[in-house]
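Asks: Okay, here's the structure, questions in a sec.
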Amino acid sequence: MGSRFLLVLLSGASCPPCPKYASCHNSTHCTCEDGFRARSGRTYFHDSSEKCEDINECETGLAKCKYKAYCRNKVGGYICSCLVKYTLFNFLAGIIDYDHPDCYENNSQGTTQSNVDIWVSGVKPGFGKQLPGDKRTKHICVYWEGSEGGWSTEGCSHVHSNGSYTKCKCFHLSSFAVLVALAPKEDPVLTVITQVGLTISLLCLFLAILTFLLCRPIQNTSTSLHLELSLCLFLAHLLFLTGINRTEPEVLCSIIAGLLHFLYLACFTWMLLEGLHLFLTVRNLKVANYTSTGRFKKRFMYPVGYGIPAVIIAVSAIVGPQNYGTFTCWLKLDKGFIWSFMGPVAVIILINLVFYFQVLWILRSKLSSLNKEVSTIQDTRVMTFKAISQLFILGCSWGLGFFMVEEVGKTIGSIIAYSFTIINTLQGVLLFVVHCLLNRQVRLIILSVISLVPKSN
């Protein structure tokens, strides 16, 4: 009725100058073009200062992309790309406009007509529903689409949720409801292993940080790298334990997700520098070469160690700030955004694997020619343990995460998941054991400190 009344009032008027993304209709009024809606919410208007804003079909549920199709908003419409069906191409789909008719439902076009007629009379339909649930649920605002015989999110958006109440906003009137999407079910055993393993790692990392800071005789380029890696791992694991499930408020959750993104990328960047330093140290066994390369790297390792993650986070936050925070305070797994983390990690793991096997090859060929001081290490078991542990300290074991897909099957997937969790949560323990407890100088310092402690009678 409000819409008809407005048309009657405008029937005798001439069409005014229409703003950008609007056109004249019936020579009497302006209306926003398909894919746009007026900022005021009105369908018809005379005011040339009115703004026609792009409708984000991907976020509002108006897009008609098929299941697993990639939805990407663009000015005045959207595109659907089926590249997302193939895991390896997710990141590619996020940076190019690969559009294909088969990716749409019923080959529909990538534009959406503004369905906000009810706003003409000043009505802004909203509804709320008390719903039980925890922080790890997702509330979806829907209405019943009789022609399709199912629920639809078209024209409805989620406004706010707390522990017991959900508020929605829709641009039309119908029979509304709130669907509760439960978070993916967690394996309770894996959860316990993660919490216990990370707690032990935090203790070992704290002791390692104290060792690298206080033991002056061992302070050099190597210990600087170990210290920065230990700091990043300590902060990342601590934030993971305390903040990964703090999904409310959403802004805080997004900040936590961004910090975790930065800290874990920084961890892997320092692992890369560790691998590079290990390779150069083994290749240049002479003291003079070792010293010169150490001084050279020390000048650049801090800008590289923290600069590269900062650049990646800045670009990710600019491109998709809404992709931080899901059922947990981490990155969204759809639309290829997760590759802003997995991409750099995959590259670093591959590079460190190359460094690791080159180091083994060099040591194998030069072991007999090492100087007398180094050759005094005759315990083969200790050397073997150090060599294997170094593979995990360099982060290569994180590569198991790339094989945690449905195609491997439930049994193999469980084995990979448990191996991944146990090994990587104990990375801090291995770092402390290899670089502190198995370091002869550190052991001598610890023994000297213990000897100074007065014994009680």
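Each residue's number is its place along the chain shown, starting with 1.
Using N, Cα and C of the backbone, Cβ positions are placed for all residues, glycine too.
The disulfide bond annotation in Swiss-Prot covers Cys15-Cys24, Cys18-Cys30, Cys32-Cys52, Cys58-Cys71, Cys65-Cys80, Cys82-Cys103, Cys141-Cys168, Cys156-Cys170. As annotated by Swiss-Prot, domain 'EGF-like 2' applies to 54-104. Residues annotated as domain 'GAIN-B' in Swiss-Prot, with sequence analysis given as evidence: 134-186. According to Swiss-Prot, the N-linked glycosylation site annotation covers Asn26, Asn106, Asn162, Asn245. Summarising the annotation, Swiss-Prot assigns region 'GPS' to 141-186. What Swiss-Prot lists as signal peptide is 1-14, and the listing cites sequence analysis. The topological domain 'Extracellular' annotation in Swiss-Prot covers 16-191, 245-250, 321-336, 406-413 and is backed by sequence analysis. According to Swiss-Prot, the feature topological domain 'Cytoplasmic' maps to 213-223, 272-299, 358-384, 435-457. Annotation comment: Swiss-Prot describes 192-212, 224-244, 251-271, 300-320, 337-357, 385-405, 414-434 as transmembrane segment.
Any idea what these are sitting next to in the structure?
Replies: According to DSSP, Cys24 (disulfide bond) is assigned to a strand segment.
The Cβ neighbour count for Cys30 (disulfide bond), using a 10 Å radius over every protein chain in view, is 23. According to DSSP, Cys30 (disulfide bond) is assigned to a strand segment.
Cβ-based neighbour count (10 Å, all protein chains) for Cys32 (disulfide bond) stands at 28.
Cys58 (disulfide bond) counts 19 other C-beta atoms within 10 Å of its own C-beta, drawing on all protein chains shown.
Packing around Cys168 (disulfide bond) is summarised by its Cβ count: 24 other Cβ atoms lie within 10 angstroms of its Cβ, all protein chains included.
Neighbour count (other Cβ atoms within 10 Å of the Cβ, all protein chains): 17 for Asn245 (N-linked glycosylation site).
The average pLDDT computed over the region 'GPS' (141-186) stands at 66.
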Asks: Indicate the candidate from Cys18, Cys24, Cys52, Cys141, Cys156 with the smallest number of other Cβ atoms within 10 Å of its Cβ, considering only these disulfide-bonded residues.
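Replies: Across Cys18, Cys24, Cys52, Cys141, Cys156, these disulfide-bonded residues, the one with fewest Cβ atoms within 10 Å is Cys24.
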Asks: Could you round the CA separation between Cys32 (disulfide bond) and Cys24 (disulfide bond) to a whole angstrom and send it over?
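Replies: Between the Cα atoms of Cys32 (disulfide bond) and Cys24 (disulfide bond), the distance comes to 9 Å.
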Asks: Restricting to the disulfide-bonded residues Cys18, Cys24, Cys52, Cys168, which ones have a CA within 10 Å of the CA of Cys156 (disulfide bond)?
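Replies: Taking Cys18, Cys24, Cys52, Cys168 one by one, the ones whose Cα falls within 10 Å of Cys156 (disulfide bond) are Cys168.
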Asks: Under 8 Å for C-beta pairs, could you tell me which stretch among 224-244, 251-271, 300-320, 385-405, 414-434 has the largest tally with the transmembrane segment (192-212)?
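Replies: Comparing 224-244, 251-271, 300-320, 385-405, 414-434: 414-434 has the most Cβ pairs near the transmembrane segment (192-212).
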Asks: At a 10 Å cut-off from the C-beta of Cys170 (disulfide bond), count the other C-beta atoms across all protein chains.
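Replies: Here the count is 21.
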